[in-house]
Amino acid sequence: MHVEFPAPAERTEVVSTFRSDGRWSPHTTRSWEFVGLEEGFRGLDSGDWLPSGAHAGENVIVGMLDSGIWPESRSFGDEGLGPVPARWKGVCQGGDSFNASSCNRKVIGARYYLKAYETHHGRLNATNAYRSPRDHDGHGTHTASTVAGRAVPGVAALGGFAAGAASGGAPLARLAIYKVCWPIPGPNPNIENTCFDADMLAAMDDAVGDGVDVMSVSIGSSGKPPRLPDDGIAVGALHAARHGVVVVCSGGNSGPAPATVSNLAPWILTVGASSIDRSFNSPIRLGNGMVIMGQTVTPYQLPANRTYPMVYAAHAVVPGTPANVTNQCLPNSLSPKKVRGKIVVCLRGSGLRVGKGLEVKRAGGAAIVLGNPPMYGSEVPVDAHVLPGTAVSMADVNTILKYINSSANPTAYLERSRTVVDVKPSPVMAQFSSRGPNVLEPSILKPDVTAPGLNILAAWSEASSPTKLDGDNRVVKYNIMSGTSMSCPHVSATAVLLKSAHPDWSAAAIRSAIMTTATANNAEGGPIMNGDGTVAGPMDYGSGHIRPRHALDPGLVYDASFQDYLIFACASGGAQLDHSFPCPASTPRPYELNYPSVAIHGLNRSATVRRTVTNVGQHEARYTVAVVEPAGFSVKVSPTSLAFARTGEKKTFAIRIEATGKRGRRLDRKYPAGSYTWSDGVHVVRSPVVVLVG
């Protein structure tokens with residue numbers, strides 16, 4: 001069965017008719033302090049962090065499309081908040097374990113959407129989810145508190161890790177909950193959710209009508225991204241952009257392979273994921289005296305002063321285990337006879353990280369050491385395993401395996417873990433973060449920016465264990481998660497702060513401010529790196545890592561209208577997204593959309609791109625341009641200076657990109673990148689320039 005929009009396609013208010021598939025899924029404290037520290041501020045305790053005014057963001061409403069909310073969390077208290085904004089038109093929809101009293105002046109509205117899900121899967125199994133806006137999963141609670149959770153002192157993950165005060169980036173903003181994601185029926189429905197186009201579209205339509213200012217959508221397509229007219233999130237986001245709503249979406253967790261990023265429409269702000277400056281150090285003492293530094297947030301500890309035999313999973317599997325996964329500790333793959341009482345070394349790959357620990361426990365193992373395969377490099381997501389355990393980088397697991405293979409009786413001991421901050425370098429791009437180029441339209445660079453998404457502590461549903469595994473009955477109020485799902489709400493909160501400071505700005509202007517003030521450098525001043533040790537670039541992080549305080553005063557912005565987006569869609573694949581606006585006979589190239597970044601695909605010797613900037617800074621300002629050319633290409637900006645007499649004035653300039661013919665070995669790279677930057681001595685307005693050679 002499938003759900004289609006009921007209106008006939010010839011009616012002008014119908015964009016398109018397409019199957020409502022369950023191809024969408026959610027993209028799964030220190031982070032805000034780190035973002036502040038990166039900008040030279042002391043963090044959230046500093047008055048410098050927020051825009052001027054004690055109630056910054058209080059009248060801004062954030063719509064969360066996710067798995068619901070756990071309203072009793074201290075992160076959603078309404079102490080000291082003023083009345084609900086008078087323009088709010090939403091409702092607090094009751095249901096299973098949720099009623100009008102579940103909403104307050106913080107969580108001002110809540111709805112849930114089940115029609116498309118139940119048309120496809122049948123009636124919801126209420127043992128796995130609440131038939132209401134209440135969050136059974138935890139994902140929605142986590143993202144909502146990251147955007148707008150109140151400052152809550154003295155919180156920590158299970159085991160006391162990451163202890164401190166937890167706060168969202170816009171702690172005074174109001175939350176409107178739109179529950180659109182539900183468990184996938186099957187043997188373990190708690191592990192993964194699905195979200196249907198029709199349910200999401202209905203939610204986005206309601207959110208616009210209710211009066212939200214920002215939508216935070218940590219959801220993306222699984223598999224090949226759909227065309228824009230068939231993309232429920234893109235169609236809903238265009239409707240939202242028409243009404244001035246900023247839509248922020250996660251880019252996906254399918255990296256580091258290229259061309260994996262989702263949520264590709266230019267009217268969406270698409271977010272990658274990077275690390276913060278915190279780790280959870282867990283020393284592994286090998287029998288030869290060598291100490292390897294792992295990371296973990298498991299609360300379980302091996303008995304002190306005793307070493308344990310160590311075994312590699314590939315040497316301890318039951319007969320019949322497929323040869324390509326013998327080292328991955330998949331369910332029922334380990335031989336109890338070979339692992340009982342031992343520390344088992346498993347590799348990431350297929351299956352859930354926490355599921356591998358569960359398999360070691362089932363087989364009687366004493367602890368797990370989870371190692372990275374080459375694709376994940378040094379990136380180490382942490383987990384609250386169901387037994388003692390830790391995780392290590394690719395280089396470190398290779399060292400451990402070398403020791404195991406060279407020793408007749410390999411042994412080890414896992415020491416107690418502790419939280420460490422000020423880790424350098426940071427941020428580092430997460431290997432799981434989906435990468436560009438944009439497979440639908442290579443002339444629009446995606447992702448747009450990156451933000452903290454690795455090992456983020458935030459509020460959690462008390463109906464869900466920290467691992468979501470069957471048999472894990474632990475209850476937590478705060479939990480550590482990784483994914484672009486966690487980075488998306490960081491950018492949503494930044495959009496809230498900008499909307500509060502500049503209520504008259506368009507959604508495109510807010511997106512531009514966030515993008516052009518982002519940085520390609522880490523906190524130490526060097527280039528942002530990938531988790532595998534390579535230098536990152538625009539296909540990894542878009543315009544760079546967010547700097548919210550800088551975004552409040554960007555100097556210049558690249559604006560775009562609803563009609564601009566319709567013309568872009570016509571130019572990009574001939575998509576007519578508004579039947580009252582027929583596609584013109586001739587359209588500009590897709591790269592001519594007034595976007596804050598430049599990507600040129602299929603360059604035939606040279607191309608000229610025009611952009612228009614709007615002065616949002618001082619009345620009188622003069623900007624000059626500085627160019628960093630991509631290897632093998634010249635970039636000329638004309639004119640080289642822009643003079644503005646007043647705020648709101650617009651200026652247009654041209655960027656000519658030309659192949660130089662000097663194609664050395666550096667041009668073996670498919671995506672040579674440079675930038676152009678406008679500066680008036682105070683503001684720095686930077687745009688990446690990427691040429692897609694392949």
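Backbone N, Cα and C define each Cβ position, glycine as well.
Unlike curated records, TrEMBL annotations are generated automatically.
As written in TrEMBL, here are the features:
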- 57-522: domain 'Peptidase S8/S53' (DOMAIN)
- D66: active site, charge relay system (ACT_SITE)
- H139: active site, charge relay system (ACT_SITE)
- 309-400: domain 'PA' (DOMAIN)
- S485: active site, charge relay system (ACT_SITE)
- 592-691: domain 'Subtilisin-like protease fibronectin type-III' (DOMAIN)
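Within the model, the domain 'PA' (309-400) shows a mean pLDDT value of 95, rounded to a whole number. Looking at D66 (active site, charge relay system) and H139 (active site, charge relay system), their Cα atoms lie 7 Å from each other.
The Cβ neighbour count for H139 (active site, charge relay system), using a 10 Å radius over every protein chain in view, is 29. Taking the Cβ of D66 (active site, charge relay system) as centre and 10 Å as the limit, one finds 30 other Cβ atoms among all the protein chains shown. Mapped onto DSSP classes, the domain 'PA' (309-400) shows 30 helix, 20 strand, 42 coil. Counting Cβ atoms from all protein chains shown, S485 (active site, charge relay system) has 30 others lying within 10 Å of its own Cβ.
Distance noted between the C-alpha atoms of S485 (active site, charge relay system) and H139 (active site, charge relay system) is 8 Å. Helix, strand and coil counts under DSSP for the domain 'Subtilisin-like protease fibronectin type-III' (592-691) come to 5 helix, 57 strand, 38 coil.
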